[in-house]
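Record features (TrEMBL):
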type	residues	note
TRANSMEM	A:20-44	transmembrane segment
DOMAIN	A:21-219	domain 'ABC transmembrane type-1'
TRANSMEM	A:65-88	transmembrane segment
TRANSMEM	A:100-119	transmembrane segment
TRANSMEM	A:173-195	transmembrane segment
TRANSMEM	A:201-222	transmembrane segment
Amino acid sequence: MSLDIILSILEENWPSYLRGAYMTLVIAIISTIIGALIGLFIGVMHTIPHRKKSMKSVILKVFNFILTVYVEIFRGTPMIVQAMVVFYGLAAYGLELDRFVAALVVVGLNTGAYMAEYVRGGIASIDKGQYEAAEAIGMSHFQTMIHVILPQVFRNILPATGNQFIMNIKDSAVLSVISVTELFFTTKSIAGANFRFAESYIITCVIYLIMTLTATFLLRYIERKMDGKNAYKVEQKQSI
Amino acid sequence: MEKVIEIKHLNKSFGNNEVLRDVNFSVSKGEVVCLIGSSGSGKSTLLRCINLLETPTAGEIIYNGDNILDDQHDIKQYRTHLGMVFQQFNLFDNHNVLSNCVIGQQKVLKRSKEEAKRNAINYLSVVGMEKYVNAKPRQLSGGQKQRVAIARALSMDPEVMLFDEPTSALDPEMVGEVLKVMRKLADEGRTMLIVTHEMEFAREVSDRVVFMDKGVIVEEGPPAQVLVNPTQERTKEFLKRTLK
Ligand SMILES: Nc1ncnc2c1ncn2[C@@H]1O[C@H](COP(=O)(O)OP(=O)(O)O)[C@@H](O)[C@H]1O
Ligand SMILES: [Mg+2]
């Protein structure tokens, strides 16, 4: 094992590595967004007010039950198995998903199952007084969610979303079982051709690290930006 | 006098815990009414029933002649006529001071941004917080938060202001600044219903004092009567305990 070999592998295969890394990133980004949206949707569904024993409450109960089943299934099974079931299982019923689409479905639904819990926790962590204050000035549940609760939930779940994104960068490697041409799958092809397994994968390792460290760094930056300045300016004149 | 809010035979239970029993009372235009009573007697519940944060179990709430417990009644519209100030301030943490006072006007009353801002600044000046428009709630002291909360409620131009122990969560040195603002509002002739433990304040500002105990109104009348020469045994006991 030597640096020369690594460099020569890089020289020969860098476009493939780049394409693989690009695919990994695209899958991680899109599926994290999908997952966050699913999580927000589920979290908000749980907050919709309803009177006991009304029609609305029955519909909501059934709906929330289905959502809970989804969350438990995706949290309780390995993603590698989910990938096989979604891709080959659906194909058996005549629904042939594109591999890339299947990848987004699997990672997105998986992320959503975790995000649902974070969002629910994020909403629950906001003091009930703010809902009441919003209610007391006549805001609707929807307005309260949009203008008061969710902006705070976004901030609360940002670290968890970032973690999930980093997990998705790494865990998307399991998608190689359905031949999605992400970074790990690409490396397998490269190593399979040059038989330099250690060197080929060391490169991959470094690429993953660059991606995850950059993500961590960006996240911290965004969090700091969102928190804003700690000081405020006292207005001298009565103007805005 | 013209009654703004009239409550008839109001009952409220949580499960089988009867918190309010046959409460009858009213607030007239321009009147300042202080609601006193020991902790757990149902004062907050009564206030929360009035703006429907709690749904009464039975009874009527008449606002300017309409029973707002009718199914047809537009609750959100009704709530804009009541300004509520909470013990715990309950400011919107993601909004700055100005925005706390603007958001409701914009979203609920559909006022233009300019109009809402002008109105907000006006009321922030009334409570002495106009210099802090850019501050976030977490950067303010308790007394400042409560004053912003009062400005937020005033910004909706409500007909009645409801206060639920507005100074109980404050450090003693901040109680004064909030009471001062409330005194100012009372002097302006605003209709106010105030739950408070500040007896001195109640005696000075209120037109009428209502004493509640265990979910019923025991005694009501001018402060000089209820707070100085109460007729009911329970009122006397309560005053003896609190004025000690
Ligand atoms: N949401 C609730 N669920 C059950 N019981 C409640 C609720 N809110 C208040 N209570 C009960 O109602 C009674 C009156 O409470 P409250 O109106 O807060 O009294 P006060 O404001 O006079 O201290 C108390 O016994 C309290 O435990
Ligand atoms: Mg109370």
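Cβ atoms here come from the backbone N, Cα and C positions, even for glycine.
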Cβ contacts under 8 Å made by the transmembrane segment (A:65-88) with residues that lie 6+ beyond its boundaries: 42, 45, 97, 99, 102-103, 105-107, 109-110, 112-114, 116-117, 171, 174-175, 177-178
Long-range Cβ neighbours of the transmembrane segment (A:100-119) (under 8 Å; 6 or more residues past either end): 23, 27-28, 30-32, 34-40, 42-44, 67, 70-75, 79, 82-83, 86-87, 90, 153, 157, 160-161, 164, 168, 171-172, 175, 178, 180, 182
Outside the transmembrane segment (A:173-195), six or more residues from its ends: residues with CB under 8 Å to it: 9, 12-13, 16-17, 19-21, 23-24, 27, 78-80, 83-84, 87-88, 99-100, 102-103, 106-107, 201, 203-204, 207-208
Cβ-Cβ under 8 Å with the transmembrane segment (A:201-222): same-chain residues at least 6 beyond its ends: 6, 9-10, 17, 21, 24-25, 158-159, 162, 165-166, 169-170, 183-184, 187, 191
